[in-house]
Amino acid sequence: MHLRWSSLLPILAIPLTSVSVYASPAPGSLALTSSGALYEKRDGSHHHNHHAAPLVELNETEILMYHAPTPPSYYTLDFEDDGYEQRPKSLMIFHGIFMCLAFFVSLPVGIALRSVNHAAHSLATASFYTFVALGCAASGIYRKMSPNMYEGAVHGRQSYIVILVAISLSALDIVAAFHRLFIFLRSPDKSLKSFWRTVVKKESIHLEAGPEYSGIITEEPEDLETAKMMRDSVELDDVNLTDDSDRSHTEQWANAVRQHRRQFSMVSEGTVIGSHSPTHSQDTFLDAKGRQPSSRLGWVYKIGTVTFSVVERSLVVAGFAQLLVGIVTYTGGCRENYINGCLAHLIKGGIFWCYGLLSFARFLGSYAELGWAWNRPPSGDPFTAEFVESFVIFLYGASNTWMERFGASPGDPFTTKQIQHISIAVMFWFAGLLGMGIESKRVRKWLASSTFATTARSSDIPREAVEEPPSYLGSFNPFPALVIGVTGAAMAAHAQTYLFQASRVQIHALWGNLLVAFAVLRCLTYFFLWLGPPRSILPSRPPTEALGSFFLACGGLVFIFSDEEITLAAMRRGRDDVMMFLNVAVAITCLGCCWTLAIVGFKGWLKSRTHSVTYRHAS
């Protein structure tokens, strides 16, 4: 067990830099403490010549000139120091297992159960808090039996904040349960069966409790035929292009397009959620909103349900963040002037990892109700996934542009590394703006209006010429993929000191090329969907997205592995093998994709049990 853990933990986490010989700098090396060297030290890099050949052997003396020796950690205490056999390392292992079960099993299962108002949601919530309590108990006992090996660690405080947020959401559930109990006590039927149906199974709570069903209308086949006739009656062929009213011809055309879309959104040509739900009947969110005392209260309720849903799902991401922080704390990394580079790799790599798994969930069919599963939205006209991606890219670039100068004194010149990273952040900033502009419906209307400005008479326009082209059925925005692809290409050319870290040779080139592969595959997705835009509300599942999301998640994980402390620890232990790093990253990514498939599949199975699934016709 000792050999197995001692070989894996330095690879899967930010390791303790266990230097066998702490050498002092040679007298002649003091010349390296010039202003340029000081800037390199502040930037968290000890590479002085970007044009020099990467080194093959580790130079511990040079490393100690720019980084203090990493002190002992919980990992060395449990697996390397004298008497490690008697250490209670199993408590820390149990802590990790229980917390992972809580945040990556019980919590997602509870979210899926909540989406259909399933009675077993309370059991999932109880299991979540049980695992959390066991994990906190194991960690507390371990800390009582161990000295403090990481002064100022934030893992414990942040974890308790995350748990407090989860308790706050559960408090709202408790309030809702008391509300159902109050309804039961006021009802004339006080039988045990009525209690079970009202309080436990929540059958008195309609679709408004589930934000996933917002805007989904479940109609009977006869209604579908009626609405289809209504839709056909307002085809764009009927637009009167010879109207002499004051309105411009462009405005008439745009209004007709919007009317056409509204009529079409009333009924999609096939719906996966039938109208024979045993618990919800034919109630919809639109009906529920109509039953609200006022439209203002309806909007408040809608915003509240969406906020609750976002916060609840964010707990899973917060659990992943705390997993990374816990590994850092246990292995003793990210200290002193390692911290900036460490945070950059953990945060950015973690974002790409989560983004990859989210893209894989979209491929499987998540967010199909919003049209984000490469399908047509069942109803309404929601924001596209590309708009959300562009907004996040813009927000990241706008905030990260100024962070590269953290630690710099006023008047300090910009280093090469700062210019590299600031340029990438500015690219994120303005490429995100471009993406949002392309996805803006108002901007699209302006761009379409320019066509009519060149026509002298509206009668010269054939009626079929104002029909929307098939490409309008989807969103083909390449800028999110372009940003990630260029980032990967730039990082693949990032200069490093050692061959194992070096550009176009090893770790940085590996994760950079994985991001480029995602960008290429996303563009291929757009190409194939351009040829055959989605017409069904069912997820289209383009295979290029499956591969692209896998490469993106794997690239994010390798990004984390390329942190300087990990690569140096791997070199010290003779583990500087890129194939091993890639295999470990691929294995963990496969595990993550299987976890995503299990959660999305479980949620789909629940909906198939509570709602009749109807496919109108085959392709």
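Along the chain as shown, residues are numbered 1 onward.
In case you wondered, yes, glycine gets a Cβ from its N, Cα and C as well.
What TrEMBL annotates here:
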{"type": "DOMAIN", "residues": "87-173", "note": "domain 'DUF2427'"}
{"type": "DOMAIN", "residues": "319-603", "note": "domain 'Protein YTP1-like C-terminal'"}
{"type": "SIGNAL", "residues": "1-23", "note": "signal peptide"}
{"type": "TRANSMEM", "residues": "92-113", "note": "transmembrane segment"}
{"type": "TRANSMEM", "residues": "120-141", "note": "transmembrane segment"}
{"type": "TRANSMEM", "residues": "161-183", "note": "transmembrane segment"}
{"type": "TRANSMEM", "residues": "338-361", "note": "transmembrane segment"}
{"type": "TRANSMEM", "residues": "419-438", "note": "transmembrane segment"}
{"type": "TRANSMEM", "residues": "511-532", "note": "transmembrane segment"}
{"type": "TRANSMEM", "residues": "544-561", "note": "transmembrane segment"}
{"type": "TRANSMEM", "residues": "581-602", "note": "transmembrane segment"}
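Tallying C-beta pairs under 8 angstroms between the transmembrane segment (544-561) and each of 92-113, 120-141, 338-361, 511-532 places 338-361 first. Each of 92-113, 511-532, 581-602 was scored by its Cβ pairs under 8 Å to the transmembrane segment (338-361), and the highest score goes to 581-602. Residues 11-12, 104, 108-109, 112, 353, 356-357, 360-361, 364-366, 507, 510, 549-550, 553-554, 557-558, 561, 570 of the same chain, all 6+ positions outside the transmembrane segment (581-602), place their C-beta atoms under 8 angstroms from a C-beta of that stretch. Confidence across the domain 'DUF2427' (87-173), taken as the mean pLDDT and rounded to a whole number, stands at 94.
Mapped onto DSSP classes, the domain 'DUF2427' (87-173) shows 70 helix, 0 strand, 17 coil.
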